[in-house]
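Residues or ranges marked as active site, proton acceptor by TrEMBL: H111. Summarising the annotation, TrEMBL assigns NAD(+) binding site to 11-30, 93-96, 178-180, 204-206, A222. The substrate binding site feature in TrEMBL is assigned to Y55, R58. What TrEMBL records for C119, C122, C138, C141 is Zn(2+) binding site. Look at TrEMBL and you will find 1-238 tagged as domain 'Deacetylase sirtuin-type'.
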Amino acid sequence: MIAKRIFILTGAGVSAESGLSTFRDTGGIWSRYKLEEVASIQGYENNPAFVLEFYNMRRNTHAGVEPNEAHIALGQLQTIWAERGGAVTICTQNVDNLHERGGALSVIHMHGEIAKARCHDCGGLAPYDGDLSPNMGCGACGRTGGMRPHVVWFGETPLYMDEIYEALSSADLFVSIGTSGNVYPAAGFVSAARAAGIPTMEINLEPSGNAEAFDLARYGKASEQVPAWVAEMVAIAG
Ligand code: NAD
Ligand code: ZN
């Protein structure tokens, strides 16, 4: 089997055609909101109600969208590879659950999940699809006022980094899909893969910020490019 262990990193571009805004593109979320106000711990401490409202709005938007052909194709690739004794790691920077809803068996959410709430005081984590408010109590420790979205903000450390580097270092193909290559540490995965001698490819609408770091590239819509690549991989694998 070629590329028995595939590591896939996804970003906002994989969910764009499902109707979720990307971050840095024109009209993206960050052209409309100040990053430091809604996606940093300082912003949250200064104005928790505003930050919770921003994520309530995003959570509601996420609930109304469906996975697209790219999510579905990646779910199929992961399933087929597992059946044939290989492994596909899907590591996403996205806080939506469209990979899971598109059929992925397991997903590493390095920037958290918007459909979960976390207690700022005790770290208690629970699925939560309603609106968060500053006067909510924590089901675990009972304290009030610390319930926040389970989303990694700027200045905070991404999640599952040990697991990620382990999967990355044992992969024999690294594929980056729909990410601008601007936010570290995810933007550094391609260099880590290259340093380990692993072939790298990006699939993106246009060359990303670190396009020159990839061995191969396919440019176009994720909903078209990803299913085409997956079909080729499955055909080659036989
Ligand atoms: P991004 O918006 O920076 O980049 C999206 C990329 O997708 C772009 O390169 C764009 O060309 C491409 N793209 C757009 N539509 C596409 C399509 N249909 N098909 C294929 N590609 C398409 O998003 P990113 O790279 O995911 O950003 C990095 C991460 O930074 C985000 O995922 C997010 O987790 C994080 N971030 C988080 C916050 C927060 O709320 N905590 C704030 C800002 C950024
Ligand atoms: Zn708590």
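Note that the numbers count up from 1, one per residue, in the order the chain is shown.
Each Cβ is built from the backbone N, Cα and C atoms, and glycine gets one as well.
Unlike curated entries, TrEMBL annotations are predicted automatically.
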Spatial separation of H111 (active site, proton acceptor) from S15 (NAD(+) binding site) - C-alpha basis, Å: 15
Distance, G178 (NAD(+) binding site) to the residue listed as 'active site, proton acceptor' (CA atoms, angstrom): 15
Recorded positions near ligand 1 among G11, F23, H111, C119, C141, L205 (Cβ under 6 Å): G11, F23, H111, L205
Where C138 (Zn(2+) binding site) falls in three-state DSSP terms: coil
Residues that sit under 8 angstroms from F23 (NAD(+) binding site) by C-beta distance, when 6+ apart in the chain: A12, I29, W30, S180
Residues among the binding-site residues G19, C119, C141 that border ligand 2 - Cβ under 6 angstroms, in sequence order: C119, C141
Listed binding-site residues (S15, Q93), ranked by Cβ neighbours within 10 Å, top entry: S15
Using Cα positions only, nearest of the binding-site residues to G19 (NAD(+) binding site) (Y55, R58, C138, C141): R58
C141 (Zn(2+) binding site): tally of other CB atoms within 10 A of its CB: 13
Which same-chain residues, if any, lie at least 6 apart from R58 (substrate binding site) yet have Cβ under 8 Å of it: I29, V95, I114
Proximal residue to C138 (Zn(2+) binding site) among binding-site residues G11, Q93, G178 (C-alpha distance): Q93
Zn(2+) site, defined by C119, C122, C138, C141: further same-chain residues with Cβ within 8 Å of the Cβ centre: H120, D121, G123, G124, G139, A140, G142, R143, G146, M147
